[in-house]
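TrEMBL annotations:
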{"type": "DOMAIN", "residues": "1-23", "note": "domain 'Centromere protein J C-terminal'"}
{"type": "DOMAIN", "residues": "63-91", "note": "domain 'Centromere protein J C-terminal'"}
{"type": "DOMAIN", "residues": "100-133", "note": "domain 'Centromere protein J C-terminal'"}
{"type": "DOMAIN", "residues": "138-167", "note": "domain 'Centromere protein J C-terminal'"}
Amino acid sequence: KVEVVLTDGRRIITFRNGTKKEISADKRMTTICFSNGDVKKTMPDQTVIYYYAGAQTTHTAYPDGLEVLQFPNNQIEKHYPDGTQEILFPDHTVKCLYSDGCKETFFPDGTVVKVEKNGDKIVVFSNGQKEVHTAQFKRREYPNGTVKTVYSNGRQETKYSTGRVRIKDEEGNIILDKK
């Protein structure tokens, strides 16, 4: 290795394999440039920024445990110390994966999809409609109070805001229409 001390106090160490390590004058910051193009910077607050040249991806690890990955397509992933992950997609969709197994996705149009760890799904649309999907049924709730439910056996039930109830069997035949 070859070590050079610059007049401003910085040290640059060059290794045989082409890797270069630069240490700031106050020794609080280091930058390592690897021969494959990767760059690792350790900041004075101990934040570590690693750039993967081959993948064009930056991985930043903060002292509090937060890790942030930035991909070339502008996708950003945040990994929190509690196990929660937040993914920000280029189209501004945000997906949160919680450590308890729940997932939430926020779409740019205002739609929110929440998936419980048991697989139940709740979709809230920007127009006020809401869908609930379980193993037993799929239900859509409308802002006017109407609720339509389709059960796993194919039976359909519609409860209108007027109080009317209509039930169809699995073949679509009306078996009850109570006004």
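Placement of Cβ uses the backbone N, Cα and C atoms for every residue, glycine included.
Within the same chain, residues 127-132, 174-179 sit at least 6 positions outside the domain 'Centromere protein J C-terminal' (138-167) and bring their C-beta atoms closer than 8 Å to a C-beta of that stretch. Sequence-distant contacts of the domain 'Centromere protein J C-terminal' (1-23) (same chain, at least 6 residues past either end, Cβ-Cβ under 8 Å): 29-35.
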